[in-house]
Amino acid sequence: MERTEFEIPGGIPPRRNGGQGRAADTNVDANLKPDEYDAEVTLRPKSLTEFIGQPKVRDQLSLVLTGAKNRGVVPDHVLLSGPPGLGKTTMAMIIAQELGTSLRMTSGPALERAGDLAAMLSNLMEGDVLFIDEIHRIARPAEEMLYMAMEDFRIDVIVGKGPGATSIPLEIPPFTLVGATTRSGMLTGPLRDRFGFTAQMEFYDVPDLTKVVKRTAKILDVGIDNDAAVEIASRSRGTPRIANRLLRRVRDFAEVHADGHITMGAANAALIVFDVDEVGLDRLDRAVLDALIRGHGGGPVGVNTLAVAVGEEPGTVEEVCEPYLVRAGMIARTGRGRVATAAAWRHLGLEPPEGTIGDY
């Protein structure tokens, strides 16, 4: 099959080895970009039956919510953990929708003081769902106040300062807390133990991601061929947010260089233009592999050294690039540093040396 049926303006972009761009420019970062919020809201499913993927989590949540509604009580507090872009925020919205209640949203970094949390809790109505994103980053004073709120539906508000300060108990209407975290290991034991239901969101397989792409295309009123949807899904790192982002970029290409309908040729040509290769790696991912293999013989190399080589911050390499490269079997973490596997060597068109990890 022809890889493309379009002439790409300026030719195929070079596979740059340097790190001139920043991570914020990448199309395969699973974190939500500031300009994507409105688009995300319109694409989010509104019910558990409409939600694609995560069948185990959906079934378990359905039981929890249905049981609570049948008993006439608020459901247990819910903790959703997993990498960014898999639907944790969407699931919180669906929980409120399924319960027929209001959703109040905040984030861990926004709750710096106990007073910040007290203000949120005091405005809740009975049965409301309070969603705290990045709950692992909540400040300790606010976290300690949250313990009592979750268990007893009350908090103690301190009025005054010094010896004259007094504690006033404040009753809170029963509510359900939904916490989301990308780093469940950073949660304290007391906080984790107060969640009655915990769920781990998993990466998507290509068939489910293909359904996501087709659903999004329908909402955006964009025609798309099945093989084009599969191609976009296969390059989306198992993440719906990335699949939706790539679909929007492919749509842009198809509208400019074709009749707006997304064919396999349009999808391939667009993804070349936007520098996303056949396994979902972008410029920065390939720069990391290139620095590791061509620059350091395959490793082991520390993350700080890799970051300098590609011109990025160590946190960017560690949080944006490395998780997928490890999951894709291209990088192995060892006690001495990062090591390129045989798959990484071959992805760059090189023959791995004898004894390389994964060379069977």
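A Cβ is built for glycine as well, from the same backbone N, Cα and C atoms used for every other residue.
Feature annotation from Swiss-Prot assigns region 'Disordered' to 1-27. Residues annotated as region 'Large ATPase domain (RuvB-L)' in Swiss-Prot, with sequence analysis given as evidence: 24-204. The ATP binding site feature in Swiss-Prot is assigned to L43, R44, G85, K88, T89, T90, E151, D152, F153, R194, Y204, R241. Marked as Mg(2+) binding site by Swiss-Prot: T89. Swiss-Prot lists 205-275 with the feature region 'Small ATPAse domain (RuvB-S)'. For 278-360, the entry in Swiss-Prot reads region 'Head domain (RuvB-H)', with the evidence type sequence analysis. Annotated DNA binding site per Swiss-Prot: R333, R338, in sequence order.
Here the Cα atom of R338 (DNA binding site) is found 37 Å from that of L43 (ATP binding site). Using a 10 Å Cβ-Cβ cutoff, F153 (ATP binding site) registers 16 neighbours.
R333 (DNA binding site) falls within a strand segment according to DSSP.
Non-local contacts of L43 (ATP binding site) by the CB criterion (under 8 A, 6+ apart in sequence, same chain) comprise T216, I219, N244. T89 (ATP binding site) sits 30 Å from R333 (DNA binding site), taking the CA atoms of both as reference points. Each of the binding-site residues R333, R338 was scored by how many other Cβ atoms lie within 10 Å of its Cβ, and the smallest score goes to R333. Cα of E151 (ATP binding site) to Cα of R333 (DNA binding site): a distance of 40 Å.
When other Cβ atoms within 10 Å of the Cβ of E151 (ATP binding site) are tallied across all protein chains shown, the result is 10.
Across the region 'Small ATPAse domain (RuvB-S)' (205-275), DSSP classifies residues as 51 helix, 2 strand, 18 coil.
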